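According to Swiss-Prot, the [4Fe-4S] cluster 1 binding site annotation covers 30, 66, 95. Marked as [4Fe-4S] cluster 2 binding site by Swiss-Prot on the basis of sequence analysis: 186, 190, 193. Per Swiss-Prot, the feature domain 'MTTase N-terminal' maps to 21-131; the stated evidence is sequence analysis. As annotated by Swiss-Prot, domain 'Radical SAM core' applies to 172-408, with the evidence given as sequence analysis. Under the heading domain 'TRAM', Swiss-Prot lists 411-487.
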């Protein structure tokens, strides 16, 4: 889609340099943008560019921006300005790049602007700004994923709306978890959202490509996979669920088929951005069987049928029945969701309906945001704007209920023994190294949910970041758990552990 990529006037090519060049990188926005950053970094490394850890010594900087809500736009513009001040050579990519006039108005000296998911375009600008002899670096391209059928020497490049890309082998997350993006773009027309305008309609990856990426990650030591898309439950719709090869079998591009195969690999598999479609029941059954983590991240947004209709959101009036059915299938299911309060037209009656839904559904993890206009969103034109002070008052009331429910639900876990994946150490100065740990249960995603604060006890110094331990929960508060390690079982995935992304 040519119209989706806008660039400034191309700079004249400098003379070829055989020395390696250093590129700084700033990644902003959601996990889906993080995966785009990983793809760009993978290609930079493959072509022989060094990634600078700071502005100092960077020959140019790439800024992967967010352009969704106003604060994110401002953060992106500020980051671009900071990078320009530091290096003078900045390539802008990501969602805000789909609105180049906004960038050029503030920063006319940027070297180039591309849209989102534009690896090839970004790399073209990097080569123009910082040409190097790439002949010596062809061996750094990603090699075949372990488990590929005989005769396949390199992973297939996948088509995107801006060209084709490799699945990333450079990760920006800690080694023990990774985001796996199964689709780009969105087919929904939510009144408050502009993602389809920024990232286009949904484009799903073939199931084989996703599964080979997951296999390679687990072979390299990744223990937790976060499956993401704008609408993960709609994965494969645009492909008409076509089949593709994985280890000699044909696998449909469908969420349930993908979940079955991912579950067979033995890692933690966590589902994000899931809409309550009927086939999600089958995924919940896999959760009950222990094949997929009993966790669903569902963006419900509201509970009033009137407001959901104004938002152009699906599922009005059926949300509670769906949640009850899922919990009957999998009693251990943890549900997280986000909501918007103060949407145009929201009355006190609508808000009370939302609060009652929260009481009835007793969601485990909840986030909420006051509505704010987003440039180009259809909701901006709706009548019945809610005053800012009313939005904030409703937000406070909403979060008070959500916090109480969270406190009650977490208190039910006290006394239980739970699996916890370790994310970091939390030692005091006088502690033996590895005495205090911070991790997450199967019901907690990194960065957005609660944590578990653990005392290692007899296992002090024996537990590493990324280990999965058994812990007895001894206390809780509004959002977090506290306990002690009682066992450190060996992790045994169903994927050969190579310690690197090499050929099996």
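Note that Cβ sites are derived from N, Cα and C of the backbone, with glycine treated the same way.
Since this is a predicted model, take the numbers as computed values, not measurements.
Here the CA atom of residue 193 ([4Fe-4S] cluster 2 binding site) lies 13 Å from the CA atom of residue 95 ([4Fe-4S] cluster 1 binding site).
Distance between Cα atoms for residue 193 ([4Fe-4S] cluster 2 binding site) and residue 66 ([4Fe-4S] cluster 1 binding site): 13 Å, as a whole number. Neighbour list (residue 186 ([4Fe-4S] cluster 2 binding site), Cβ cut-off 8 Å, at least 6 residues apart, same chain): 193, 195, 196, 199, 201, 202, 230, 231. Shown in sequence order, 188, 189, 192, 194, 195, 196, 230 are the same-chain residues outside 186, 190, 193 whose Cβ sits within 8 Å of the Cβ centre of the [4Fe-4S] cluster 2 site. Neighbour counts were taken at the CB atom with a 10 A radius for the binding-site residues 95, 190; the maximum falls on 95. Same-chain neighbours of the [4Fe-4S] cluster 1 site beyond 30, 66, 95, judged by a C-beta within 8 angstroms of the site's C-beta center, are, in sequence order, 28, 29, 32, 33, 65, 67, 68, 72, 94, 96, 116, 198.
Under 8 Å, Cβ to Cβ, and six or more positions away along its own chain, residue 30 ([4Fe-4S] cluster 1 binding site) finds 66, 68. For the domain 'MTTase N-terminal' (21-131), DSSP puts the residue distribution at 56 helix, 22 strand, 33 coil.
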